Structures are given as structure tokens and as C-alpha cells.
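Novice: The structure under discussion is supplied below as C-alpha cells; questions concerning it will follow.
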Amino acid sequence: MFNYYLQKVVKGENLSLDEMEQAMEMIMEGKVTHSQLSGFLVALHMKGETVEEITASAKVMKEKATPISIESGELMDTCGTGGDAKGTFNISTAVAFILAAAGVVVAKHGNRSVSSKSGSADVLESLGINISLPPSSVERCLKEINIAFLFAQDFHKATKHAAVPRKELGIRTIFNVLGPLTNPANIKYQLMGIYDPKLVYPIAEVLNNLGVKRAMVVHGSEGIDEFSLSGKNKVAFLNEGKIEKLEISPEDLGLEKYSIQEIQGGSAEENKRIILNIFNGEMGPKRDVVVLNTAAGLYVANKVNSLEEGINFAQEIIDSGKAMKKLEEMVEFTNFLSLQAKTS
């Protein structure tokens, strides 16, 4: 049966929602050989994945994931695709702490490095946070401190069947966009950066199909998967089923323009220092890019009425020490939960 789907995409034909769901089920259940899967992923990539194909794949991946249940359905994620090969520091990870300090409940979905030397999991670990907590502890983090890290490899065990072909292929595949679309918690708000400008609007459509209420999907100037300070950012804003195309520049919001070189990161240890410096009051482009992305997150989460208001609020959270306090709280609480699990 899988060969039928393979032959269709090789011919450049699109799969229906049902067909893609069935194909993805077979992949996630390990019923497809590495050769078949490699051919399928390459053919999909060559023809271009459709909204239906991405939606179907994300639905299956979410169904196969270890679920997280929390009474509040107003959770937010700041997970981007990575894969932009620009080597920026962990901007969306820094943003998550500021959002949580502002009262947004953040279920930060993430993994080890994709395009940089440090993924969100790497830098959080470097900051002293316990990143491998069981679902019950993750739920406690969300309820008690407004922020939790959902380590993708712990929650998406079924993706192991695709790991070898993906690594051997070494190219972008549908799995590169699926990570941010498959948060195991019930996400209603999302700030999602993406490496490909052509995918900005389609991914907003996918998020709508998956039940997200409000989201911003952004492809930053100079190709980063975040809002950039270097020029116009291409944005799709999803608001209760309606999608609006926007272009947002830092100058429009009273921020200075900086090149991408000014927001470069490095190893997990270097990125840890950058985040701590920002939270300790260091000014400059690294702080500004975090503030800009946080403003977008606050706007998406209905905490402010405009991006300008979001910028002021984000700066207040940093300057008051609340962002640093939230980070310290997460370090303390995740390690307490880990110790509790070992002694019980």
C-alpha cells in the first residue's frame, strides 16, 4: 500500500488528507523500509508539500505523541523550525521566559540543535534546567510556574522510525516543519519562525487546521526563523480562523536596524551567557531582537493590544528582573521535581 503513495508523489501528484494520514501512520508504526521512506521524503520535497499533506502528517504525529493534559487550554509555544543555518542564539527560548513572567502559560516544545551549535534543549540544559521530565512533572510545571519544556525526543517516540533516513538524506524534509506543529500539549497560541518564506502562509493555514486560535508565522529578514532586526519580516497572522499577510520592520516599532551578525550565537555555553546577560540588563541588538519577538508573542497571546505596547511590556519584564526570576524558578522547580521522582 505504501508503494502506491510513493508512486503518486514520485509522479508529482498530491496526496489527499486521508492518503497522507495513512502513509504517515505506516511510517510512525515502522511499517515502511528505510529505502521506501527516503524515496517518499525526497519526492515530497521535490514536488513541494501541500497544506493537506502537512496537516495530515501533524495530526498523526500528535496522535502518536505522549499527551500532556492541563485544564487551561490557553497554552502557548514559541518553537520554530530551525534549519535556517544562520547560527543565531536561542532567541525563542529567551522569549519563552519573558512570556511566562508576563503571565502567558508557555509549553516550550524543542529539541537538540538543528542549524546552530545549540538547540533549545542544549541551552536550557546549560542553564541548569532539567529537560527530561515525565509528563506528570511537565504538567506540574505548566500549572505551578507557567512554563515547561517538552523535549521532543521524549514525547515523540514514534519518530524514531524516520530518524535514520532523515540523517542519511541530510536535506530538509517534511519533518523539519512538523516539530513546531506537533506540540503534545493543547496549544492555542503560537509564535513560529520558519526557514522558508514560501511556507509562511501555508503553515498559518496548517495551524488553523490544527485548532490554533492565534498565531504569527514569521520568516525573518536575511532568512532567519525569528523576527529579525535587519529589515522586513514576512508574517502570516492567524486570528480566529482568518489569516492576514503582514510585513513588519524593526523601524516601524521604534527599534534600531542591525545586521544578522549582531545576533550570532555559539555553543550552548555561549548562548547561556547571552541570555543571562540580556536578563541582567545588557542593552544592544541581542536584547532588542528578544524584545521584538516577545512583543509578537505577547500580542498573539492577547496580553497587549499592539506590537508597540508589547515592546514596552517586554522591556518592563526584563528591567524589573522578572525574566531572570522566572528562569531561576524553572531551574529550581525542574530539579526539585527530578529529585522528587528519584526518591519516591
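Cβ atoms here come from the backbone N, Cα and C positions, even for glycine.
Sharing the features that Swiss-Prot gives for it:
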type	residues	note
BINDING	GLY80, ASN111	anthranilate 1 binding site
BINDING	GLY80, 83-84, THR88, 90-93, 108-116, SER120	5-phospho-alpha-D-ribose 1-diphosphate binding site
BINDING	SER92, GLU226	Mg(2+) 1 binding site
BINDING	ARG166	anthranilate 2 binding site
BINDING	ASP225, GLU226	Mg(2+) 2 binding site
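Tell me what's around each of these sites.
Specialist: Every protein chain considered, the tally of other Cβ atoms within 10 Å of the Cβ of ASN111 (anthranilate 1 binding site) stands at 19.
Non-local contacts of GLU226 (Mg(2+) 1 binding site) by the CB criterion (under 8 A, 6+ apart in sequence, same chain) comprise GLY80, THR88, ILE91, SER92, GLY193, VAL218, GLY220, VAL289, ASN293. Following the DSSP three-state reduction, the secondary structure of GLU226 (Mg(2+) 1 binding site) is coil.
For ARG166 (anthranilate 2 binding site), the count of additional Cβ atoms within 10 Å of its Cβ stands at 18 [all protein chains shown].
Counting Cβ atoms from all protein chains shown, ASP225 (Mg(2+) 2 binding site) has 27 others lying within 10 Å of its own Cβ.
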Novice: 10 Å Cβ neighbour count around GLY80 (anthranilate 1 binding site)?
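Specialist: I count 27 other Cβ atoms within 10 Å of it.
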Novice: Near the Cβ of ARG112 (5-phospho-alpha-D-ribose 1-diphosphate binding site), how many other Cβ atoms are there if near means within 10 Å?
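Specialist: Step by step: centre on the Cβ of ARG112 (5-phospho-alpha-D-ribose 1-diphosphate binding site), count other Cβ atoms within 10 Å, giving 16.
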Novice: Distance check, please: Cα of ASN111 (anthranilate 1 binding site) against Cα of ARG166 (anthranilate 2 binding site), rounded to an integer number of angstrom.
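Specialist: With the alpha carbons as reference points, the distance is 15 Å.
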